[in-house]
Structures are given as C-alpha cells and as structure tokens.
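Asker: Sharing the record's features from Swiss-Prot:
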type     : residues                               : note
ACT_SITE : 125                                    : active site, proton acceptor
BINDING  : 10, 11, 12, 13, 14, 15, 16, 17, 18, 33 : ATP binding site
COMPBIAS : 309-321                                : compositional bias 'Basic and acidic residues'
COMPBIAS : 472-485                                : compositional bias 'Acidic residues'
DOMAIN   : 4-255                                  : domain 'Protein kinase'
MOD_RES  : 159                                    : phosphothreonine
MOD_RES  : 477                                    : phosphothreonine
REGION   : 1-282                                  : region 'Interaction with VAV2'
REGION   : 299-370                                : region 'Disordered'
REGION   : 443-511                                : region 'Disordered'
C-alpha cells in the first residue's frame, strides 16, 4: 500500500471494500478491491486475481496488479469513472434510453462476455451492478469474484452464486448450468436497459420463481423495435440450449453489422483480429455459403418447407440468428483491422470446430415446484453468509469434468419450504433466516408496489408457450462446469433446518 493513497470507499460487500486509490508513482487513479484473507482459504482467494490478470479485452475491467499486506489481498484494477450500469439506469428516473444507446452498450457487454466464454470461464454473477461505464463511452464487465475457470468445455455446473433477480430457471430446478446461464442474466440486463425495471417482479418467492421459469415477459415500451423485443425473448428462453450463445448474438442477425460501429478505431486496430477470431462460428463441413437448403440439411432440419414459412412469417418473438456461412460483423472488423475498409474479399481465417456435444437431456416444461417447496418457510434478508463469502473472490479449476446423472427433487420439496416466506432485498442477497422480516422482494429497479399482476396473475402464473419454443439455430456451443457438491437444494434444507425445525442460513450476499 506504500505506493497508493486511498481517496475514498466506492463500494463495500461481504468480500471487503472497493477503494478509489491514487498511485503516487504515476499520479493515476485506480480501483482497488480489498479482500479479507482467511488462513483456510488463502489460495482460493488469490485465484480471482489470477483469473482477472488473464482477461485482456477492451470490454473487461483491466487488471493492474495484486499484492498482499496485513492479512488482506489487494487487487488493483482500472477505475471506470462512469459508475455502474445500475446507477446509470436509476439516474434515468423513468426516461427511456434511445435504442441506439442500448444496442451500443449491450454489444460491448456481449463482447466482454464472449471473451470470457471463449476462455471457458463462467462469470456466474452478471448483473447491471457488475457492468461499469466510462465517460468516453466504454462499457466493461467486472467483478469476477464468483467466476469459475474450467478445464474442459463439457462439464456440469452444480453450485450457483448469484442474485435472485438474475438466477435462470435451471438453477431453481436444481439442474446444472452452463454458459447459457450467463446469457439469461445478460437478457435480464437488456430488459432493464429497455424497461428501466426488472423483467420479473412478484410479492412472493413462489410467484417470482414460477414467473422466471414459465411466466410471460412484460412487453418492452412501444418506443423500441420488434427486433429488440425478440432479442430479449430469445435470451430468456427457459431451456438453456434454446438461448443463443454470446458468439451467436454477435455474428448473426441484427447485431452483427452494429459491432464495428460500437468500437472506436483505436480498439479495432488493437483488438480487431482478436475480436474477429472470437466471434467466429464454425461452418459445418460441405456447406456452401449463402445456400440455405444446404444449411438446413447440415443442421438436420426435418421440414424445410415449414421452416421457410416460419422464417417468412417471423415476428417480434424471433431474432435473426440464422445459420449462415458469413458474419457481417466479422467481415467489417477484419477490413477495419487490416486498414482496407473497401475490400470485399477478406482473407479467410482458420475456423475452430467445436467438439461434438453429447446428447442433451430434454427439459421438462413444468414449474420448479421442488425449489419453491424447499424454501417454503424461509425469509430473505441482506446478510452475508458463510465460508464462500468470507473467503472473497474465488476461482476453482477442475481437472476432470465427467457428466453426471441428475436426480430432481420431489415437486413438493422447495414449495413447502418457501410457503409463507417473506422477501426482502433479494437483489443483493441470497440468505435464508428465521421468519420475522417484513416487506416483499424489492430490487433497485422494482416498482414501488411490486404486484404479481405486473407479469402474471396473483394466484396463478400463466405459462407462456413462446418461452418454450426452440431456436431455429441448432449450430451452437455450450460448455458447463463441474463441482464436487452438486445438490444445492439438499444443502439448502440443512441450512434452513427443513424437517428439523425453522430455518437457518443458506447463501450469502454477492455485492
């Protein structure tokens, strides 16, 4: 700390503090994360710094250095002087963002997410509070304290550290999650940018979870285009395999031609080749460009005629994520990076073909009643838990990631535990404690009176069939992570004393 002067505290959480510091040698300001080091988890706490140091991308908060002093780990990062995206949304006070601004920010976030996914990293806590802005228009993804570094592209994720408003359906179902779980959270951010509120609001855990899993999505304001509405719906599909990957979002459909426009020339010159390579999607063998019939045959589409009709009649519920051999964003970036913007025949780069994925299980379409049962009598408050929070940021690398057979909890389990539960500050917390709290689930973007009627009936959340429709694009890549303790619902029961009396703690805050 000898080379740094603390200017002020800019954030605080269960991990410790976030400080604005001045580096005396360079007279530059940086953000410094101060993490308490416990003897039992010192190595684990250091892994966030190791992971962050590996991420070099214009849309990821840059790592400066890390060091230890007096029982603390200090991670020095670039300071984003525009604050976080949550603060920016709240500053609007109901005034909608222009669509061009939303798309510019969203594409930059997607570029950052795509970068970490290409490196087999799951962020696990993507939310508007963890997206940072600069005064010169850059958007950067930060806070990798919950991230996991994977050693294999195909493994199941079993534990989840995140924020309830952004938790995808598969987690409430006690099912494994993968990179598409990050995409769900990304969809929630896009909805917040458009509507200035959370996509799902309720006054009970039961209805919140049911809405997340099967309820309809409240339409975006009429100001925004049909394509933007469809993009949100694609990212909030219940089945993870039906959600587009970050690469698909960037290289196909309406976002593709906008990617070069969201990056200043300096960034394109410095990172153009890297970004171009990251947004490539492998072309199936023997597939000719611009031949839609060959694309359909290569992807195993059973009914070409019906697919053509669906494409012609596509409305707001679908995005333009067709399987094509060319990517507009890639071509534009390559021309800019090579200093030849008028060239129409950019040199082909080698494509990386993803390994064949094992057969994926079919996801049932009913609500996550097991989780709702398990949390029936629990209340939620802002308090931190546990060893995972106390040890600060952590990254765990596994050498073996074998797929497992997953056994679902009985439908009554979580519903029973959540019955009569009160909700408070679920945006920041994931803690279950004994009943006694007042209030309802209220996040920073919640309306003053959160009613279940916002996006569903008070007593019954209607199923939205559109959220169960598969995407047309089947050429996509998923990767997942593994953990030695797969069943978080069982752990939840232990902490809340399910079956042995009233509750206790479950999970802690990830600020």
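Placed from the backbone N, Cα and C atoms, the Cβ positions cover glycine too.
Burial and contacts for the listed features, if you can.
Answerer: When secondary structure is read from DSSP and collapsed to three states, residue 125 (active site, proton acceptor) falls in the coil class.
Note on residue 10 (ATP binding site): other Cβ atoms within 10 Å of its Cβ, all shown chains, come to 15.
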Asker: At the level of the C-alpha atoms, what whole-angstrom distance separates residue 10 (ATP binding site) and residue 125 (active site, proton acceptor)?
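Answerer: Here the two Cα atoms are 19 Å apart.
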Asker: I'd like the number of other C-beta atoms within 10 A of the C-beta of residue 125 (active site, proton acceptor), please.
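Answerer: So the Cβ neighbour count for residue 125 (active site, proton acceptor) comes to 21.
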Asker: Three-state secondary structure of residue 12 (ATP binding site) from DSSP?
Answerer: strand
Asker: How many Å separate the Cα atoms of residue 125 (active site, proton acceptor) and residue 16 (ATP binding site)?
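Answerer: About 17 Å separate the Cα atoms of these two residues.
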Asker: Taking the Cβ of residue 16 (ATP binding site) as the centre, how many other Cβ atoms fall within a 10 Å radius?
Answerer: 21
